[in-house]
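First comes the structure, then the notes that go with it.
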Ligand SMILES: NCCCC[C@H](NC(=O)[C@@H](N)CC(=O)O)C(=O)O
């Protein structure tokens, strides 16, 4: 019952939570949801301490209201901060921390319970054989966790201040130049693929590609929703200037351009554009914060396949953990202690392996392929538990492997196939669907167990879920390959482009989501500044001009440098003519 009241609100709430996150932003929603978690845990602990079961139930429901939606906002935060960078690694670390919590909970709670009457404890908390002490320890941990949400909000604020300072700098610099080509920043934004007019190198691909792919797409399909919005507002910042460049390409002057002749999402991104960039950083997007069928359609085929896969695969893992103890004791006749250790194996493997799997995924991609591998491993695991007597430690190890690989691959995949402005919706919907599966499957498992009186049929049921997951994962690979193969490609720049020049070249053509031609791989809110700097630096290295120009150097030197660049571009233009 205590688990059910946690789950029931989450059949719908993460979806509403996701939309709310898109509306009010990351910090406030993170604080709000975690406040529910703290209050819920407090009520639960109070209810247990005072023997008031209804209060405990209310506490668990309140905890559930915040818990899963907090998971959604945290996914969105990681996706925003790490898109095009080490996203799988960041999410892998998140998995390690959360599953370490699960393991510690499994080990610590019985320990605290056993020692809750120890003499060393102050008399007001000492109470032998009473679970409330363990639950109050959980409450303290929730309060500490709440402190991190405040820390995150402060971090977001200080990043905004950084943006503001950088914008001021950029505005000063751009106002000294009157044409786009002479601006110190905007080359990637003003150039057009194929014209050769700017003489740009392909090393500027991360940003250049956003403009060009939007252009190409629009040539084929007419103006996209993204560029329509960009045209109207000067871009959102999410496209790293792509939307602005598309607007510029369409002959429109972005509102945020401030007379820089199309500096676009770069230094021209001040005024309303600057506000939009800030909103992007905060995870706010008012346009997507109301439900419309259009938004659901925009999520795309790969997103829906990922969602179905998430429902079936998680339903074949987490509900299994609930019955694993009893299953191991009845089938293998194990003791309670040994069983306790064995059932923590999958989570232990996830704790240890997730960050490394994340790094591997960032480096090599293969997300959709890994979903196939994980589904296969899970299928093998359930069949071996159903029909063999091989050491259960082996089966639980393969389950841990399947679970870690699967979780490391699926959560970052979501962010690659949906628009960054709908990340809250996307993570909310997949989490709500997942909770639907996690709510229904235990009921089916109970019914199968009652009807057959054994766990064989239950394991066959779990194996069937894994099989469905396998089929979905194979279809996902096909659909993804047809639409550009973004899921199986590596992250755009797993480290600085200075160290991995080929990655930068790759980025423009390989990483863009097929649904988002034009967003490409750069972080949705940073590219207008930091990535421009990186592309700028790479360009300068390639052109041999690195060191002649920097923000700190005197204006005169910058102007000289700009003149040189203009001259080079003119020469290149003449050369091409
Ligand atoms: N960034 C999302 C990470 C989710 C990790 C995932 N947790 C969940 O799916 C929860 N919604 C459900 C749960 O924890 O039971 C996990 O694999 O732990």
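Heads up, the Cβ atoms here are built off N, Cα and C, so glycines get one too.
All annotation found in TrEMBL is predicted automatically rather than curated by experts.
Segment annotation: TrEMBL labels transmembrane segment over residues 425-448 (candidates 257-280, 425-448, 497-520, 521-544). With a threshold of 8 Å between CB atoms, the same-chain residues lying at least 6 positions outside the transmembrane segment (454-479) that come near it are 301-302, 305-306, 308-309, 312-313, 315-316, 319-320, 323, 327, 330-331, 368-369, 371-372, 374-376, 378-379, 381-383, 385-387, 441, 444-445, 448, 487-488. If you look at the transmembrane segment (302-320) against the transmembrane segment (33-55), you find fewer than three C-beta pairs under 8 angstroms, all six or more positions apart, and that falls short of contact.
Non-local neighbours of the transmembrane segment (425-448) in the same chain are 4, 7-8, 10-19, 21-22, 68-69, 71-72, 75-76, 79, 288, 295, 299, 303, 306-307, 310-312, 314-315, 318-319, 322-323, 414-415, 418, 457-458, 461, 465; each lies 6+ residues outside the stretch with a CB under 8 Å from one of its CB atoms.
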